[in-house]
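Trainee: Submitted below is the structure of interest, expressed as structure tokens.
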Amino acid sequence: MSSAVVVSSENLDGQQQSSSTPASPAAEKVNLLGMSRAELEKFFEDIGEKKFRAGQVMKWIHQYFVTDFAEMTNISGKLRAKLEQICEIKAPEVVHRHYSKDGTRKWVFRVGEGSGSLVETVLIPAEDKTGSRKTLCISSQVGCALDCSFCSTGKQGFQRDLTPDEIIGQLWMANYSYMEEVPVAERERSVTNVVMMGMGEPLLNYDAVLSSMHIMLDDFAYGMSKRRVTLSTSGVVPKIDQLAKDIDVALAISLHAPNDELRNELVPINKKYPLAQLIAACQRYIAKDGNESARKHVTIEYVMLEGVNDQPEHAQQLLKLLKNLPSKINLIPFNPFPHAPYGRSSRNRIISFQKTLSDAGFVCTIRQTRGDDIDAACGQLVGQVADRTRRAEQWQKKVAQRQEILRTQG
């Protein structure tokens, strides 16, 4: 019996609105949660207030996790009343909260109008040389359009991009979950690291993701170190170049194959941006003027698929591919999902693969699988608490049809 703790909202199918949707047109309010400092400064000037109020309000929202303007005690009563009339601070609705026996936490959020769509966020705790680390894996889209063959999220299809308040709301809620019983004056930020590795391709929702990361780095909000915010991409090359100009954060590449033929199968966007272009973009990202610690290397993510990309020749090809790219390699044991066409590489195979890379001088780690008891491990970010999306159902039907054809041919 699983020891995960599941806390559900009272009405799974209720009509509570998300952060980006007002209760009614007449009651429409401006949601301040996803606004950057520059946006908040303009907002306050537009309503006839001094722009320094932006920093004050940001601190109350993102450092003390306050949603009631009446609690913002360093702001005049008149301004608080004004904000109450025209503004709100509203994160996406939490449908379920899952707490794993290993400390992993997962939130299922409802976003969009009416019953909306579901997205998931996972927090993974760990101990390192700096102490207790809490890494939050944030989603950027509802579903994903890239359809990587080993990823369960992609099999849901793509529905829409998340808004900045829906993205930053995931970080807000994760922090608040540790502080909700703590007096406001004693609250502190708990999440130490953010990885944009959840549902969706972050670089295909570029503006909203960029705005959200600026809030993460802002000292008036979460004040996170640039090296503690990581964006993971499957390889949208033009946007990698744009990212290098717009913000300094750590970059991770969902590589998963050491040659174009195999990567075309596993990560279809490779057909548009093949490996030579992707590696060159990574080199440009690292070499960008103004390089700081966040850009000293690129993290390479490599899911280990039994008999597919885990053979000795694949390790040798990977060494050749990465020889001129400062990188750290993270080997990820595959997490099977229903109808998945792959299996997980054996532990011995993964260790052997790691040894080949380490012996060649690369820093190579094996990701510890966490949160399996709550379907929170990487590749399992699917909405299992509600009906499958229409596209997921269609995909399952196609799988069944293919299996039937194979049986009849056999």
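Cβ coordinates come from backbone N, Cα and C, glycine included.
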Trainee: Looking at S-adenosyl-L-methionine binding as recorded in Swiss-Prot, which candidate out of S177, S232, S358 goes with G200, E201, S254, L255, H256, N335?
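Mentor: Looking at S177, S232, S358, the one Swiss-Prot places in the S-adenosyl-L-methionine site next to G200, E201, S254, L255, H256, N335 is S232.
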Trainee: Do me a favour and check the Cα-Cα span between E201 (S-adenosyl-L-methionine binding site) and C144 ([4Fe-4S] cluster binding site); whole Å is fine.
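Mentor: On Cα coordinates alone, these residues lie 6 Å apart.
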Trainee: What kind of secondary structure is C137 (disulfide bond) part of, going by DSSP in three states?
Mentor: strand
Trainee: Might you list, by sequence position, any residue in that chain lying six or more from L255 (S-adenosyl-L-methionine binding site) with a Cβ less than 8 Å away from its Cβ?
Mentor: R263, V267, I300, E301, Y302
Trainee: Quick one: give me the count of other CB atoms within 10 A of the CB of H256 (S-adenosyl-L-methionine binding site).
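Mentor: Around the Cβ of H256 (S-adenosyl-L-methionine binding site), 26 other Cβ atoms lie within 10 Å.
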